[in-house]
Amino acid sequence: MGGLRPWARYGLLVVAHLLALGLGAVVFQALEGPPALQLQTQLKAELATFQAEYGACLPPRALEELLGMALRAQAHGVSSLGNSSEASNWDLPSALLFTASILTTTGYGHMAPLSAGGKAFCVAYASLGLPASLVLVATLRHRLLPVLSCPSTWVAVRWQLAPAQAALLQAAGLGLLVASIFVLLPALVLWGLQGDCSLLEAIYFCFGSLSTIGLGDLLPSRGRGLHPAIYHLGQLALLGYLLFGLLAMLLAVETFSELPQVRAMVTFFGSSGSMTPEDQGSILGQDELSLSTLPPDAPAAGQAPAC
């Protein structure tokens, strides 16, 4: 395959991506089609039962209009379910969580601006806030990645690993650390606090939040029965979780993207022209982790370099 022209490689990559899209669609259709049909049948049965019992007391199409209004309000995070004395959706903790979902591109969909001014401000705020967030994340990544690389550097020098093995060790260690601290541990906490949430749903919510998928099926909804102060503390905790968790996820993705195997694949599908020094550099070279450049008087196997 090394003799393929660049346009043939691009075509191969596009075809592979389209096949992956089609495979995912087929799998989701097979898994989610029957439960969706079952839920639709159950909903129709419930509506038919309700109309049979109370239809004589309701004007024609009154129920459909009421349900349509409730669904439109729910799309903007407004609901009359539960205690009507609860605080507004746009109190300060809720507004902070909404802005964090914008800047982290999570987009839960549990809240949305209603007014024209709110929609215009959302566009302007995201246009200015997203680039600023990217600059902040890039700066923090530049500062934190060398620090997080110190343990893998110590192990690589102690065990005299090759640069490729050291890079794989660093990526695996950081990936396990992020998965444990920012996915598994919060999922266990959420599973313990939320009675109607399974462990799989908790893991699904944490991963969907940190990967910025934000499908909106599991939401940071208002906790009924909780004291307002406890609920607002939970919102602030979710705010910090989104900010720090997204940074950790990006660090892990950056580390995996710099693996020699990944870079070789990118080079294969990339341009056949000469690579720039920035493209040739790896995460080991950028963070001074390359073992092949150690001087002859490198520390002994039992001595770790200073980080």
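Glycine residues also receive a Cβ, built from the backbone N, Cα and C atoms like all the rest.
Keep in mind that TrEMBL annotations are predicted by a computer and have not been checked by a curator.
Keep in mind it's a predicted model, so treat the numbers as computed, not measured.
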Task: TrEMBL annotation of transmembrane segment - which of the ranges 33-51, 90-108, 261-279 it falls on - done: 90-108
TODO: Take the domain 'Potassium channel' (181-258) and count its residues per DSSP category (helix H/G/I, strand E/B, coil), listing them in that order.
DONE: 55 helix, 0 strand, 23 coil
